[in-house]
Every structure is written in C-alpha cells, then in structure tokens.
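Sequence annotations record features per position, and here Swiss-Prot assigns active site, proton acceptor to Asp62, His130 based on sequence analysis. For Asn128, Glu135, the entry in Swiss-Prot reads active site, for ring-opening step, with the evidence type sequence analysis.
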Amino acid sequence: MKIIRVQDQLEGGKVAFSLLKESLAKGATTLGLATGSTPITFYQELVNSDLDCSALTSINLDEYVGLPVENDQSYDYFMRDQLFNAKPFKESFLPNGLADDLEAEVKRYDQVIAEHPIDFQILGIGRNGHIGFNEPGTSFAEKTHVVDLQASTIEANSRFFASIDDVPKQAISMGIASIMASKMIVLLAFGKEKAAAIKGMVSGPVTEALPASVLQQHDNVVVIIDEAAASELD
C-alpha cells in the first residue's frame with residue numbers, strides 16, 4: 001500500500017489523474033468509478049484534460065435503490081453531471097436501482113464486471129471504513145449485493161438531501177471481492193473525519209468490521225490523503 005500525502009483535495013485530484021494517465025499508457029481500458037464529494041476534483045481534472053474517453057469503459061461502484069435517475073442525488077445523475085456529459089465513454093455501467101427484480105440486477109451487474117475486468121478503480125472511504133456501500137460486517141467474499149445502509153451512512157449522506165427521511169435506505173453495491181479483483185486501486189480521503197478509518201485501513205487488523213482494511217491484501221493500492229486524513233497515522 002503506497003501512501004501519497006497531499007496538501008488538499010485539489011492536489012489529490014491532480015495526483016489521482018496522473019496515476020490514471022500512467023495506467024492508460026500501460027493499456028488500461030476499464031475504469032471503476034465512485035461518487036460523492038471525494039472524487040470530484042479527480043473528475044474535474046479529467047474533464048479539463050484533452051483525454052479522449054470514447055474507447056474507455058466505466059463501471060460504477062453503486063447506486064441507491066428506488067431513486068429515479070433524474071433525481072439529482074442519484075449516482076446516475078451525479079456521473080452525468082460530473083463527467084459523462086463532458087466526456088462520453090464507449091460504455092458506462094451503473095447498477096439499476098429501479099429494477100423490478102433486484103436479485104436479477106445483482107446477477108446482471110456481476111456479469112458486467114466479469115466481462116469488463118476493472119483496470120483502475122477509484123475509491124473513497126466512509127467514516128465507518130466502508131468502501132462502495134460495503135458496510136462493516138460485509139463478507140470479504142461478497143460480490144454485487146443489495147445493502148441496507150447503516151444509520152451512520154444515512155446520516156453522512158443526509159447533507160445532500162432536503163431531509164434525512166429522503167435518504168434511500170438501500171443501495172446496490174459492487175462487493176468487496178469485486179473491488180479486490182481490480183488491477184489497481186486508488187483510494188482518496190480528505191478531512192479529519194476520515195482519519196480514524198484511514199488509520200484502521202493502513203495499520204489496523206484486517207477485519208470485516210472495517211471493510212477498507214482488506215485493501216492491505218491487495219498488491220497495487222495507492223492511498224491519496226491530506227494531512228487531516230493522515231493525522232492519526234504514525
């Protein structure tokens with residue numbers, strides 16, 4: 001696990017984008033993408049670059065269950081707004097949180113990932129150590145699955161909604177085994193509230209109680225953090 005300390009989120013986005021360019025130069029064609037406030041500066045770098053994404057495939061980590069794609073808090077909307085409207089990809093996959101049969105959707109998404117192995121995966125980390133929507137206690141063997149979101153995750157995401165009652169209670173998420181199958185993982189974390197999770201991920205025991213700790217077992221992980229997120233590291 002390589003740790004790169006940066007001054008702020010802006011620099012973090014630039015460093016992540018430079019790592020992406022290196023991966024693309026080595027033949028990467030499929031990107032695993034994340035949502036939320038953490039990767040926004042990475043997407044800004046991508047949008048402002050002259051990079052042609054028309055031959056690339058993207059696979060998103062997760063999507064809320066039951067949120068229409070036109071809702072500005074759906075991850076489908078987020079990806080179009082932050083990236084796809086400006087940089088169309090050859091193919092862009094997201095879980096369908098409106099599927100009538102969620103179990104069939106889970107199987108479909110696992111098939112998508114199997115057919116498009118991820119070369120470069122962007123991750124954030126939750127305050128409770130979740131990656132994607134893989135909450136504490138999720139099996140490391142899990143592939144795509146329907147998740148009941150924990151209260152801490154609902155609370156953390158409520159700032160994006162008019163009311164905490166509007167936050168979806170479930171999501172479809174790529175599983176930990178799916179994430180670990182990525183050839184390279186770049187995890188971004190900024191801010192003091194991520195410091196405890198970063199400490200556990202980097203130096204704590206590998207435990208399903210802190211999902212991100214599994215990344216210690218991956219042989220190509222780069223962690224990009226600001227000083228606040230790094231503040232509990234030795």
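Heads up, the Cβ atoms here are built off N, Cα and C, so glycines get one too.
From a predicted model like this one, the values you see are computed outputs, not experimental measurements.
Annotated features taken from Swiss-Prot, shown on the structure.
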residue: Asp62; record: active site, proton acceptor; contacts (Cβ under 8 Å, 6+ apart): Thr35, Tyr75, Pro95, Gly132, Phe133, Val147, Ala171, Ile172, Ser173, Met174
residue: Asn128; record: active site, for ring-opening step; contacts (Cβ under 8 Å, 6+ apart): Glu135, Pro136, Gln150, Ser152, Thr153, Ala197, Leu210
residue: His130; record: active site, proton acceptor; contacts (Cβ under 8 Å, 6+ apart): Pro136, Gln150, Thr153, Pro211, Ala212
Glu135 (active site, for ring-opening step) CB neighbourhood, other CB atoms within 10 A: 21
